[in-house]
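Student: Per TrEMBL, transmembrane segment is recorded for 12-32, 38-56, 63-83, 95-116. What TrEMBL records for 37-110 is domain 'VanZ-like'.
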Amino acid sequence: MMIIFEMRKRILVVLVVMLVLMAILGFAPISLEHINDKVLHASCFGIFAFTVYWVWHLNYQKNVGLSTATMFVMSVGSEFIQGLLPYRTFDMYDIVANLLGSSIGIVLACSADFAWTSWQERRRRFGGKREAEYQRALMDETELSDDEQYTERDRHFEVMEMA
C-alpha cells in the first residue's frame, strides 16, 4: 500500500492521458498505413516507459523493477488483447517492438535519473559551500580598509584553492 502514497500525482495524470491515447491507437479500428507499425509501437512504448519510471517517488532499484515489470505486462498484454479483437491481429513482432521501445525508455529514464541525482549531489556538496564562502568574503571586504581588503581577498582564494 505504501507504493500508492509515494506516486507523483501529476505524472500519474499524464500517464492516464497517455494510456487513453495509446488505447485509442492500439485498439480502435483505425489504420495508419503511412506510418511503420513497429516504429509506432516502439516509440509509444518508449515514451510511456520513460514516463512510468518517474511516476513512483522511490529509489533507483525499485523504480527500475516496478517500471520494468509494468512495461513487460503492458507490452505483452496489449498484444494479446489485440488478438482478441475482431478487427486486430496478434503479431509477435509487435511484442518485440513494444519490449524494445520499453527497454530504451527505461534506459533513458535511468540515465536521466542518474544525471539529475549526480548534479544535485554535486551542487549540494560543493555549490552551496563555495557560494557561502564567497558571500562571506564579500561581506568581510566591505568592513575592511583598502590595504586589508587585498590581503583578506588573497587569503580567501588561497583557502578556496586548498579545498
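Glycine residues also receive a Cβ, built from the backbone N, Cα and C atoms like all the rest.
These figures come from a predicted structure and were not determined experimentally.
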Student: Mind checking which residues reach the transmembrane segment (95-116)? Cβ under 8 Å, same chain, six or more beyond either end.
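Tutor: 37-39, 41-54, 60, 63-64, 67-68, 71-72, 74-76, 78-79.
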Student: For the domain 'VanZ-like' (37-110), what does DSSP give as the number of helix, strand and coil residues?
Tutor: 63 helix, 1 strand, 10 coil
